[in-house]
Amino acid sequence: MFPYPTLNYPPMAPINPMAYRDPNPPRRRWRPFRPPLAAQIEDLRRSIANLTLKQRAPNPPAGPPAKRKKPAPKPKPAQAKKKRPPPPAKKQKRKPKPGKRQRMCMKLESDKTFPIMLNGQVNGYACVVGGRVFKPLHVEGRIDNEQLAAIKLKKASIYDLEYGDVPQCMKSDTLQYTSDKPPGFYNWHHGAVQYENNRFTVPRGVGGKGDSGRPILDNKGRVVAIVLGGVNEGSRTALSVVTWNQKGVTVKDTPEGSEPWSLATVMCVLANITFPCDQPPCMPCCYEKNPHETLTMLEQNYDSRAYDQLLDAAVKCNARRTRRDLDTHFTQYKLARPYIADCPNCGHSRCDSPIAIEEVRGDAHAGVIRIQTSAMFGLKTDGVDLAYMSFMNGKTQKSIKIDNLHVRTSAPCSLVSHHGYYILAQCPPGDTVTVGFHDGPNRHTCTVAHKVEFRPVGREKYRHPPEHGVELPCNRYTHKRADQGHYVEMHQPGLVADHSLLSIHSAKVKITVPSGAQVKYYCKCPDVREGITSSDHTTTCTDVKQCRAYLIDNKKWVYNSGRLPRGEGDTFKGKLHVPFVPVKAKCIATLAPEPLVEHKHRTLILHLHPDHPTLLTTRSLGSDANPTRQWIERPTTVNFTVTGEGLEYTWGNHPPKRVWAQESGEGNPHGWPHEVVVYYYNRYPLTTIIGLCTCVAIIMVSCVTSVWLLCRTRNLCITPYKLAPNAQVPILLALLCCIKPTRADDTLQVLNYLWNNNQNFFWMQTLIPLAALIVCMRMLRCLFCCGPAFLLVCGALGAAAYEHTAVMPNKVGIPYKALVERPGYAPVHLQIQLVNTRIIPSTNLEYITCKYKTKVPSPVVKCCGATQCTSKPHPDYQCQVFTGVYPFMWGGAYCFCDTENTQMSEAYVERSEECSIDHAKAYKVHTGTVQAMVNITYGSVSWRSADVYVNGETPAKIGDAKLIIGPLSSAWSPFDNKVVVYGHEVYNYDFPEYGTGKAGSFGDLQSRTSTSNDLYANTNLKLQRPQAGIVHTPFTQAPSGFERWKRDKGAPLNDVAPFGCSIALEPLRAENCAVGSIPISIDIPDAAFTRISETPTVSDLECKITECTYASDFGGIATVAYKSSKAGNCPIHSPSGVAVIKENDVTLAESGSFTFHFSTANIHPAFKLQVCTSAVTCKGDCKPPKDHIVDYPAQHTESFTSAISATAWSWLKVLVGGTSAFIVLGLIATAVVALVLFFHRH
């Protein structure tokens, strides 16, 4: 257990101490004299033995030497070969000592693993991992530790574990777990465990009962799994284990057919005698020796949890070894026999058929159905033979080749497998199922109504299994044994009258009993006599019609069918394993051709060419999901509008894709007017049209007003000449329209007059036009370009505190950057980026619901009497007694009465076999927690994938820093108060409460778990009167509400959730919802700051934007020239929100330049760049991006995309200034003329 010391010197042979010599030695015992030749041979033998490397053999017992007839000559080397020494004794093979790594793991396991004691023996183990003690739930007993035994353990039945927190004194001395499990070998108590293909396996025979709870360790002594059980798979044993995934969530991996490795022995009962279930007593011993007693033993232990062990022991007969484990499963059905039952359609009419169809199940994918019949397959009358089938030929059992069997729907089916009462076939779609066989010239068939459909997997409706594609979860029927949870109910057959046992002998009715059988008879001549006989018996009746004889068959079971009469008295039940059970598997589904994608400005065009109907779903990643869902059946083209918030589309079985729009354009915001108009029209068509219409209206109004004013001025000028007859208007006056021959005061005189008489009016007259012009121009300038100037104040400024607080958007992948400033220290760069966010609500499982199965036991037929119903604890149990259903001496019951015969029909509901893999869980959702995984960098410290709670209270240690995040600005969740989880999808659905389900709707079958006994059902089950003369139990029932809900459930939450939420399970959560913002507060330690004297001082900064593409992911490149006091590193940051800098810091020389990348949404970015303690402003022009649609979100805000370029503003000023000139000139001319006329009149 402990490491051995290492020798640092050559090993030496041990030195023997000097032997002790007695001063008075005893006298030697007398020994017989050996001849000299014998002494020489003995010396030679000893010499050869000493030369060998093997251990010396013990000396033979002393005795007289062997007598020889002739003295042997002197030994020679050749003779030495003939006289070989006796073979040396073999060394006892010692186990190799474990290596250092193994010894370390063994010591860790022994110190942290505690036995669980039950009745004085070890029943399993409990281990202490990560501050908790884990105990297998199936292991009964008490932990052999006083402190751990006093802990109150919590049960986690889904993981088959019990767990509890260890005392504080033991928390520092516990094992640690890990989720890293690379393929290879790991350490276990019994040796190496191989991990490959996500499975832990050991050689067969290693480990077994009593090893449940032992941990599996890696080379560092960390726990990678806890063993719960195992199952033999050929030469290796697959282990059932509990592991942890990358997120620290417990995961249970249980191979099919695994058995818990608890050492406790379960006891069974037979005639008030208890015995181990795997060792039945010698009286029944096994089925071959005592069939009836064995069946009785199984029936009495029907509800035992070790029924499988008892059944396995009864079939194997203990001492008898089977060839393979699979044979045990096949030989189980030797306990049963075929039977004849009612068939609704035998090809011509209703009949009692030897291959009646009991049930058809089509819950698997790819058109595979499972058919249960009254015939048996894979068995002959004398044993197991997969090439044969057996059926009841009248009263006897007959076997024929399986090649005579056929199954068809709308076309012949392909036989996949068969065993027992079951057939597994892959059939084409159809409305009926027919099973039949040929027995020489006889042809037997049975047809029932059942709709068979090809159920595709995924989001594509293909009709045939593809050769290649993508693997998706699906349902299949297994071809091998499943030992738990799926049984077919059996019972000993009822009595059926047999006319062949009755005959007339000496005018009396004689009952002939077959050898080794028993016959029950019932005679009425005229007194009623009945009894059981095992030998021939002669009655007093004279007519065969007066007697009935029943052959008692208590050596075989038959299926508990509603088409067979039930046996008399208390009929016990047995059960056998269903050979083909539904399981979760992986199926290959088709993959539709990739769509041809075409990008335009804010438009995504998909050219789709499906081979079969394919589902296309889309949703917006903003606050309004606006989901769409359509099946595409033929080649088509669809268009979708894409915004900066993003769009997600899913085509068929392809994974979802997300795209985002970029602010691209066709024109040039820095070009000629028509290019500017084209650019803005492509981006903002409505705004551009309104702006152009406004400009045109201004121009038209300006021109009309100017012309009107000029015409008005001209009229004022020429009016005096119009009043004078034959007046000649001078040509110059006609042209200028304002010159008159009379003299008047000019403008200077008028201004002089106003200055001398009314100075206030002088200043008003002079300044009002100028003020109006300035006000108009300023209003226009503020309207078009002052918006960005206002928004420039938004952004994260450097924090001048040791504790930095800020608010960052709740968007995964968008980093928050800032410079944390502290007096006397150089600024420290801070970056926080969300890697993952999770909204985890608290849930309460109300119930699970699934498809139900109607169980119809064999009816009770009472001849010449009445029976009554008794209540039974079955869900939706129905019982009813019908009278007068069998005619006189009818073949099924052979009653002597007519109207007095009665039948008691029963029916109830239970879970279908598919419930274990196909069920929905109804949860109530309450307020939960928000968690985030962040990457944080401050200074030279970088911390990856730190998990924090977004609640504003719980601090997280990030190195030496303390971080507090939250709470979210919006208390929002995509989950309603009630959700339904089905498979890997989640649905918001208002389900009924437990115990209030309605027939035909969701929740018509409810239970707390998939195996609990608290089953509630409401299926509107009604029993109907059976048809006279036919043993059957007709009933009506509402269709399954679970199946109806599956058809009408709509789109899952993953396709309709807003804000781009991704819904996941285990636990139920919403990931990466881009909603609201997150406050952050971080305390940065002093060690992250550097004295300002130790950092470079930067001066003479000059920034030039060399290349810039706005609205693109870091599409801007700028170069900064500088001079530095010394070489070193400086953080760079832009405190404004105009640009986001990609680099966090730069390396500076004493002089030179450096280049950085930035991302911006402004076409004229002007942002402040801070380098160490200095700052510089970077300005430039940006061109639009070429890509309209990209597959990554923007790394900047979109607050500045509406800004007008400087070039566009210049053209606008020219346009507005040109049109205003006409108005100004007209106003000036009008004003001058008005003044002239005013002064002329006065």
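Heads up, the Cβ atoms here are built off N, Cα and C, so glycines get one too.
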Identical membrane-side domain name, SER374 and ARG712, from Swiss-Prot: no
Disulphide bridge to CYS1108 as given by Swiss-Prot, partner from CYS895, CYS897, CYS915, CYS1182: CYS1182
Disulfide-linked residue for CYS1103, taking Swiss-Prot as the record, within CYS897, CYS915, CYS1178: CYS1178
Distance from CYS879 (disulfide bond) back to CYS863 (disulfide bond), taken between C-alpha atoms, in Å: 18
Pairwise CA distance, CYS864 (disulfide bond) versus CYS879 (disulfide bond), rounded so that it is a whole Å: 20
Residue pair CYS1182 (disulfide bond), CYS1103 (disulfide bond) - Cα distance, angstrom, rounded: 15
Cα-to-Cα gap, CYS897 (disulfide bond) vs CYS1108 (disulfide bond), nearest whole Å: 103
For CYS1172 (disulfide bond): DSSP state (helix, strand, coil): coil
Cα proximity to CYS1172 (disulfide bond), best match among disulfide-bonded residues CYS850, CYS1061, CYS1073, CYS1108, CYS1178: CYS1178
PLDDT averaged over the residues of the region 'Host transcription inhibition' (37-70): 57
CYS1103 (disulfide bond) in three-state DSSP notation: strand
DSSP three-state assignment for CYS1130 (disulfide bond): strand
For CYS897 (disulfide bond): DSSP state (helix, strand, coil): coil
CYS1178 (disulfide bond) to CYS1108 (disulfide bond) - Cα separation in whole Å: 12
Spatial neighbour of CYS850 (disulfide bond) that is closest, considering only the disulfide-bonded residues CYS879, CYS1061, CYS1073, CYS1108, CYS1130 and their CA atoms: CYS879
When distances run from the Cα of CYS915 (disulfide bond) to each of the disulfide-bonded residues CYS879, CYS1108, CYS1130, the nearest one: CYS879
